[in-house]
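Below: the structure, in structure tokens.
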Amino acid sequence: METANDSTGGYFILVGFSERPELELILSLFVLMFYTVTLVGNVAIVLLSILDTGLHTPMYFFLRNLSVLDLCFTTSIVPQMLVNMWGGNKKISYAGCMVQYWVALALGSTECVLLAVMAVDRYVAVCWPLRYACIMHPRLCHLLAAASWSFGFANSFLQSSMAIVLPRCGNRRVDHFFCELLIIIKLSCVDTGPTESKMLIARLIILGMPVSIILTTYVCITRAVAKMRSAEGRKKAFGTCASHLMVVSLFYGTIMFLYLQPKDNYSQDQSKALAVLYMILAPTLNPLIYTLRNKDVKKAVRKMIQKEQV
């Protein structure tokens, strides 16, 4: 085993699913299919929310940010994953690995905060409908979006800086399909207990605070909806929140199970399966969830098709 300080150079070997070659080819085809749907769906949402003036509202502004996040997030993982699956070379450079886990953690953290911001937007829309346009002013929306991105990248910088200084002593085998921060830390040849404890606190903050905000806003929304006398009003209020709730459940359900489970219960096969769900399937479903249930998006699509025909 190498004993030199190789924490600033060299390469890693991404094991991925290579230990199950019969599964790897089939999985790669599914990943490619879902990645293609992710690109098409999220690019469509971004373009529609920009080109259609009817979608120039706070809700679609935040949805556009979510789509950009999903595009960048999957693109930081999937191309390298497919290259490793289709080729015999499983190597990734040290710099490439560091960039990958830094970007992935930054975008994942940003999405945690952005989903909380979107919950606040839904709270104002349901509980303060007459003052919604005044409260959710474009300047405030841009500030909230900027705060989401800033918190996400700050959290990634904090955790990554703790991991990058750990010596690996020649350990290069990453038992995952991408450079996952927790796996990289486990390659270290020194005691990582203090570092992992600090990172757990950071994860609890970046997950706990947004979850608390989301739960609080939906308790308030539920109370407001319960007081509505009109069944049509209750149905409309639920419809504005249903898509967001589905996305939140899919996103937080997987990452909380993945990153907050006890260390002794950490199964690598389970981790890989959840990572596929969280990083590949969720970004694919997000645009489908928001468009299939959304009359405004369907109307915008029809309008764009009519323009092309003319």
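Every residue gets a Cβ built from N, Cα and C, even glycine.
Per TrEMBL, domain 'G-protein coupled receptors family 1 profile' is recorded for 41-290.
Under the heading transmembrane segment, TrEMBL lists 25-50 (among others).
Annotated transmembrane segment per TrEMBL: 62-81 (among others), in sequence order.
Residues annotated as transmembrane segment in TrEMBL: 101-120 (among others).
When Cβ-Cβ distances below 8 Å are used as the criterion, the transmembrane segment (140-158) is approached by residues 58, 61-62, 65, 102-103, 105-114, 117, 120, 202, 205-206 of the same chain, each at least six residues removed from its ends. What TrEMBL records for 140-158 (among others) is transmembrane segment.
Taken from TrEMBL, the feature transmembrane segment covers 200-221 (among others).
According to TrEMBL, the transmembrane segment annotation covers 242-261 (among others).
Taken from TrEMBL, the feature transmembrane segment applies to 273-292 (among others).
Taking pairs at least six residues apart, the transmembrane segment (273-292) and the transmembrane segment (25-50) share three or more Cβ pairs below 8 Å and count as touching.
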